[in-house]
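What Swiss-Prot lists as ATP 1 binding site is GLY426, ALA427, SER428, GLY429, CYS430, GLY431, LYS432, SER433, and the listing cites sequence analysis. The annotation ATP 2 binding site is assigned in Swiss-Prot to GLY1071, GLN1072, THR1073, GLY1074, CYS1075, GLY1076, LYS1077, SER1078. The domain 'ABC transmembrane type-1 1' annotation in Swiss-Prot covers 72-357. Per Swiss-Prot, the feature domain 'ABC transporter 1' maps to 391-634. What Swiss-Prot lists as domain 'ABC transmembrane type-1 2' is 713-1002, and the listing cites sequence analysis. Positions annotated as N-linked glycosylation site by Swiss-Prot, on the basis of sequence analysis: ASN1113. The feature transmembrane segment is assigned by Swiss-Prot to 73-93, 120-140, 189-209, 216-236, 297-317, 326-345, 713-733, 762-781, 837-857, 858-878, 938-958, 976-996, with sequence analysis given as support.
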Amino acid sequence: MSRAHAAYANEGWSAPEGGIAGKDGSTRDCSGYGSQGPLFSAEEEVKGTVVRETVGPIEIFRYADATDRVLMIAGTAFAVACGAGMPVFSFIFGRIAMDLMSGVGSAEEKAAKTSLIMVYVGIAMLIACAGHVMCWTVAACRQVARIRLLFFRAVLRQDIGWHDEHSPGALTARMTGDTRVIQNGINDKLSQGIMNGSMGVIGYIAGFVFSWELTLMMIGMMPFIIVMAAIIGSIVSKITESSRKYFAKAGSLATEVMENIRTVQAFGREDYELERFTKAVLYAQGRGIRKELASNLSAAVIMALMYVSYTVAFFFGSYLVEWGRRDMADIISTFLAVLMGSFGLGFVAPSRTAFTESRAAAYEIFKAIDRVPPVDIDAGGVPVPGFKESIEFRNVRFAYPTRPGMILFRDLSLKIKCGQKVAFSGASGCGKSSVIGLIQRFYDPIGGAVLVDGVRMRELCLREWRDQIGIVSQEPNLFAGTMMENVRMGKPNATDEEVVEACRQANIHDTIMALPDRYDTPVGPVGSLLSGGQKQRIAIARALVKRPPILLLDEATSALDRKSEMEVQAALDQLIQRGGTTVVVIAHRLATIRDMDRIYYVKHDGAEGSRITESGTFDELLELDGEFAAVAKMQGVLAGDAKSGASVRDAKKASGHLGVILDEADLAQLDEDVPRTARQNVPIDELAKWEVKHAKVGFLRLMRMNKDKAWAVALGILSSVVIGSARPASSIVMGHMLRVLGEYSATKDVEALRSGTNLYAPLFIVFAVANFSGWILHGFYGYAGEHLTTKIRVLLFRQIMRQDINFFDIPGRDAGTLAGMLSGDCEAVHQLWGPSIGLKVQTMCIIASGLVVGFIYQWKLALVALACMPLMIGCSLTRRLMINGYTKSREGDTDDTIVTEALSNVRTVTSLNMKEDCVEAFQAALREEAPRSVRKGIIAGGIYGITQFIFYGVYALCFWYGSKLIDKGEAEFKDVMIASMSILFGAQNAGEAGAFATKLADAEASAKRVFSVIDRVPDVDIEQAGNKDLGEGCDIEYRNVQFIYSARPKQVVLASVNMRFGDATSNGLIGQTGCGKSTVIQMLARFYERRSGLISVNGRDLSSLDIAEWRRNISIVLQEPNLFSGTVRENIRYAREGATDEEVEEAARLAHIHHEIIKWTDGYDTEVGYKGRALSGGQKQRIAIARGLLRRPRLLLLDEATSALDSVTEAKVQEGIEAFQAKYKVTTVSIAHRLTTIRHCDQIILLDSGCIIEQGSHEELMALGGEYKTRYDLYMSALS
């Protein structure tokens, strides 16, 4: 059985050897990394691991401030003092044991004094143990928060070229996963290691004081232990970093999928993406298992050598007593001191492993923090008080860093004067947007120079230069927050009045005021709750509120209908005409650049790169009658300024209102007519927390999920039983050995001494073998746990992809938070399985076997100890419950959301100089979390200290009561020693269980967050079987369809819509931005479910159809084309797995992109970059169109599919789409703001405020003389 089986156990999936099978029975090969190319480089595959450095043991604390250093110093002092407790105890124990064996005086009187000293030691341990946990936990929280902040700041500081090579998903995985590893290595786990290490050192020092000869003999094995620890530590470090790197790739993949979830679902690629993700996490799983086995091998060797040393110690100790060199008290004190010291050193291993892992995890993070980018926003430079003269490109040679062999500009020279209005025109992919990028200094040219006011841009203060620039990009990026907050990002200190005025100019004010919450309306993650046009107008308002000296407009109005475009263009013209504003425009609609002072026509000549072939005013270029004039004629744009104020006034008159707002009575009536579920009644802002609260997580559930690895858990439990039972059992041998030594002190019987030593000392070899075997088997916990982690990660990822789009609109369910779940939370759940079972079983065995031994040898003493156990266990449980109370507050992960959103929109963050704003928001989220972390550390430390005090108190009580029994003749010294030591081990392990409470509490909170998603059944469920008989053709009808977004429950987006899309017909949807056009398309893709009414396909209710089958018959091209990291070929083939190269190329020809692709150096194997960053907007859109056409669907949905294209290219693409439709008899539904695009549709539907106001063919609507005719005439007047 392959490892992939584990990922689907008990969840309705099977994974036969060599592949992953979905519910449909189809099997996919898992030998590679899907079709997206190899997961790792050939060099990495050959090596079998990723060799990586670690930071130094001191360097990892480089970001500690004075407070942290004081806390760490104090915590270290407390830890050392805590470690001294057991050696001090060994001295007291040896003295009182000698006194009791001597038979002189009252045993009870002597024990009372010793017990009182033990209580004093317990008080000291309370302070010391609480202190070291508190100090190190708080210091770690503070440092990791600072590291996260610095890493985030450093990542945002990096140049765009660096970001082109580092996906946001991988960076987010480092932020969430690796920083947790760092914290786990430098928190109280490290102080536990210091405590255990000091116990070892002080124990050995005490041993040398009591008997240097015996101590030397006992520590003879130490060189072997040290060498073994060093070797294993190095191996674990390399394996850990390898695992981290592999999962960083998996995290990047997952983030990209979640950000492009509409594309994934529309093309039914959930199984494919699950396969890719599974492949990636299986790599990480393999390394994780190796790490667990290596760590347990280290522990096995160390513990075995320790027990071997006990055999040697008792043999040699007996001779020292016989020779009169030492008495029994010295031997007992030495043995216990070195014994506890050895145990202390043995317990250093987990802390050492965690510390090593943290140093490995810190390496890449610190490397990023230290990196000084070549284009550095934080660097100084020549001040830029304003823009006065010009921007000059002087012999610029440029290639993108990700494609250094593909020269874009070989010798670009041009000058943009201050106050000048300049436009760039040309076919898609010719380099227009690259000019915009160079002006913002996203990149530096590889030759020549860009000068500002005669100064090289490299020498300017970059931050001040970007402050001079306002930009609206082709694909506007918004941020989670309100309308007001997003507009104000353009000018953080803008007043409300300035924001409102900017929104008026951008023609979005009336839309905002029609919403229930107005300017406080949330836009959703990356603006997901807004239409494309609304997002673009918000982005325009964001640029306008800044009133910048330089305004860059990269297809700023491409997503707007003609009315909105004219209104916004008028506002932009007013801004331009105020004077002093330098404007650089990229626009494919030549009518919008008619008034430019200068227009540059750019042409791309394949391998020769791009160059300016024509330049001049609009009229001059028409007179030139070159390539620009040919495009202008194609668009119907004539010389002269035909745009009039009347046109703009007509546009304003034609504007409709947006939205139908429901009052409480309407909502109540709607809920009565169409009942809502309990989940749907929860406010969307509270929904994530509500789902976490109702999540059910239990140990039995985890056991069922991992039942195929029950054998490994059984071996692990066997190891816990062996290890747990060995400790109390060894106390029997020790007790008998001490009796032999004590009797010799009284009788001087050498023969009895020899025979007793020969009988009992070799028994420690048995314990050595048992412990070695036990710790080796203990590694199977890690084996099972790693498999469980992989299963949960795969299951969570699968369930995330299963959710409907409504899920991703919920606050706290964005890609960043979900990526954090896949990384950190799933890893934390591991603790509930392997380590949790091991600790519980081991603790139970130690306590149970200790009590059994105690009852056998002295039942009265065992009863006293048993009566004290609830106190210790209760204290540990209290600590765990209190910590758990603070971990619940982690739900939400605001910091993860901020990180993912900022990194996904890094170009916008860079353009708007928002780095410090994002850092401040992230810092505020960290600051909000800090008090909870500190309180958790203080509580954890306090209760841990109390636990240790109770341990010493219980032992003092047992010791005093045992002496009382000796005085009464009811017990022998041997019985008291055996019972006391066996109970001591049980009590000590109970304390260790308490120390583990923090991690378990965190793991439980993580598990609830994870299972709140795993258990969620979406309203539109792809796994719900439906009718697979779709009928013939594709005839669609909407009957009284009403739709409301859950994020805006009072706003009706579609109000009782009735329409029909006939089979094999072409249908166009037009209307003002935000009127519901995209909603119609997204409902057809089953992204959202209607609120009421009926949508039918060939007479069948769409909601009754099998979703997977339905989506196999549709294809969609969204307004913002979502591409994936990989090659051009892979992205086109994404729509239809198994398509031949010929079919891919044919689809590319229809989308008019084939001839461009074959001119690229790597052709169809050209990497497109994260989200297609390596391509222009038009190139991305055409590849997305090719992908859609390759599917050969019954229904083709086009949402502004050609908005980023120039008119020449658009016309050719439109020809390809029409030819495709005619050939395959496809039903098409198109949204377009360019009315010429849909003029030839069989049916055109005009929507306004969620209602249909007109519908019919172009000729019918023109004859009607209504709203459509007004809009069409307005559109054509702008082109004439």
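Backbone N, Cα and C define each Cβ position, glycine as well.
Outside the transmembrane segment (297-317), and at least 6 residues removed from its termini, the chain residues within Cβ reach (under 8 Å) are 211, 213-214, 217-221, 224-225, 228-229, 232-233, 236, 326, 331, 334-335, 338-339, 342-343, 345-346, 349, 730, 737, 741, 757, 760-765, 767-769, 771-776, 778-779. For LYS432 (ATP 1 binding site), the same-chain residues lying six or more positions away in sequence with a CB closer than 8 A to its CB are PHE424, SER425, GLY426, ASP554, ILE586, VAL602, SER1176.
CYS1075 (ATP 2 binding site) falls within neither a helix nor a strand when secondary structure is assigned with DSSP, and so counts as coil. When Cα-Cα distances from GLY1076 (ATP 2 binding site) are compared across the recorded positions ALA427, SER428, GLY429, SER433, ASN1113, the shortest belongs to ASN1113. Rounded to a whole value, the Cα-Cα separation of SER1078 (ATP 2 binding site) and GLY429 (ATP 1 binding site) is 27 Å. In summary, the transmembrane segment (713-733) does not lie against the transmembrane segment (326-345): fewer than three C-beta pairs, each 6 or more positions apart in sequence, are under 8 Å. Take the transmembrane segment (120-140) and the stretches 762-781, 837-857, 938-958: counting Cβ pairs under 8 Å, 938-958 has the most. Taking the C-alpha atom of GLN1072 (ATP 2 binding site) as reference, the shortest distance to any of the recorded positions GLY431, SER433, ASN1113 belongs to SER433. Long-range Cβ contacts of the transmembrane segment (326-345) within its own chain (Cβ-Cβ under 8 Å, at least 6 residues beyond either end) map to 83, 86-87, 89-91, 93-95, 97-98, 101, 195-204, 206-207, 210-211, 213-215, 218-219, 225, 302, 306, 309-310, 313-314, 317, 320, 734, 738, 741-742, 744-745. Recorded residues ALA427 (ATP 1 binding site) and LYS1077 (ATP 2 binding site) have their alpha carbons 28 Å apart, per Cα-Cα distance.
Looking only at the recorded positions GLY1071, THR1073, GLY1074, LYS1077, ASN1113, the one with its C-alpha closest to CYS430 (ATP 1 binding site) is THR1073. Residue pair the residue listed as 'N-linked glycosylation site' / SER433 (ATP 1 binding site) shows a Cα separation of 36 Å. DSSP assigns GLY426 (ATP 1 binding site) to a strand in the three-state reduction.
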